[in-house]
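Undergrad: Input: one structure, supplied below.
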Amino acid sequence: MEPAFGEVNQLGGVFVNGRPLPNAIRLRIVELAQLGIRPCDISRQLRVSHGCVSKILARYNETGSILPGAIGGSKPRVTTPTVVKHIRTYKQRDPGIFAWEIRDRLLADGVCDKYNVPSVSSISRILRNKIGNLAQQGHYDSYKQHQPAPQPALPYNHIYSYPSPITAAAAKVPTPPGVPAIPGSVAMPRTWPSSHSVTDILGIRSITDQVNDSSPYHSPKVEEWSSLGRNNFPAAAPHAVNGLEKGALEQEAKYGQAPNGLPAVSSFVSASSMAPYPTPAQVSPYMTYSAAPSGYVAGHGWQHAGGTPLSPHNCDIPASLAFKGMQAAREGSHSVTASAL
């Protein structure tokens with residue numbers, strides 16, 4: 001009994017759209033083709049479309065199968081747990097191995113054959129997704145094992161002082177007599193000198209150079225200046241009565257220990273030994289300016305009653321200021337005339 005659903009083709013046969021042809025009809029098509037019947041005659045005899053007959057016969061000639069479905073079926077899985085295990089072993093032995101080298105080793109060791117060996121892209125994906133995290137975790141664990149233990153930093157309290165390389169280096173620094181020693185808890189750490197530091201540019205010796213110096217004493221550092229008071233400096237002279245001299249002596253005593261290469265304050269001239277500046281001559285702002293001080297500046301209609309032709313506003317001009325240029329010119333002309341005679 002034929003099914004109730006289906007469609008009828010041009011030849012009068014019944015087929016179901018989207019469903020494969022039954023296996024019995026497929027087998028009959030192959031048998032008629034082996035008897036030498038043409039595909040067009042098979043199509044009319046079995047009432048099956050010509051395209052369906054041609055497709056079934058072509059697939060049978062290529063694969064030898066009359067079953068429906070994709071030719072060859074789905075590809076079997078190649079990334080089995082055994083293959084992944086061997087890939088992980090190869091990667092751990094040689095972290096710099098490439099994917100194509102792993103593929104060759106899988107074939108050489110007999111883990112896979114040429115039909116089920118994974119491709120280079122599949123091996124790269126396995127290394128990235130499944131083995132990459134494990135390799136990074138292993139490197140991190142090995143780094144933590146070989147990492148040295150952290151050294152203790154500066155103690156948080158000067159009462160509970162713990163031994164550290166910084167305090168040991170600070171203990172080797174000699175302390176001159178008369179200067180209190182610096183506690184180890186606040187000692188400055190030793191730093192490597194830099195060629196571009198301020199101390200090298202200015203030519204100031206660093207603390208490390210002072211420690212390596214053979215002399216038993218070293219120049220005072222910044223920490224030692226805080227411990228020095230005014231009692232350590234010599235007092236002023238008793239005969240100093242003037243306040244200015246007393247201040248100058250205090251500055252000389254205070255800055256007497258200047259570093260090498262810098263002049264001391266005592267080498268400069270004191271303010272008391274300098275002569276006062278001369279008082280400038282008072283000149284009226286209404287003075288007439290001319291190209292040269294000469295007698296051609298005659299009287300004017302607006303000349304002052306008590307003034308002179310050279311000073312119409314009754315302002316006195318010193319002779320040395322007014323006629324200095326004229327006198328020099330006159331002396332020069334007399335010397336030229338005498339030499340000509």
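Cβ coordinates are placed from backbone N, Cα and C, and glycine is handled just like the others.
Fair warning: this is a prediction, and the values are worked out from it, not measured in the lab.
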Undergrad: Would you mind telling me which of 82-130, 229-277 Swiss-Prot tags as region 'RED subdomain'?
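TA: Comparing 82-130, 229-277 with Swiss-Prot, region 'RED subdomain' matches 82-130.
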Undergrad: As a test of reading the model: what is the averaged pLDDT for the region 'Interaction with KDM5B' (168-189)?
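TA: That stretch averages a pLDDT of 51.
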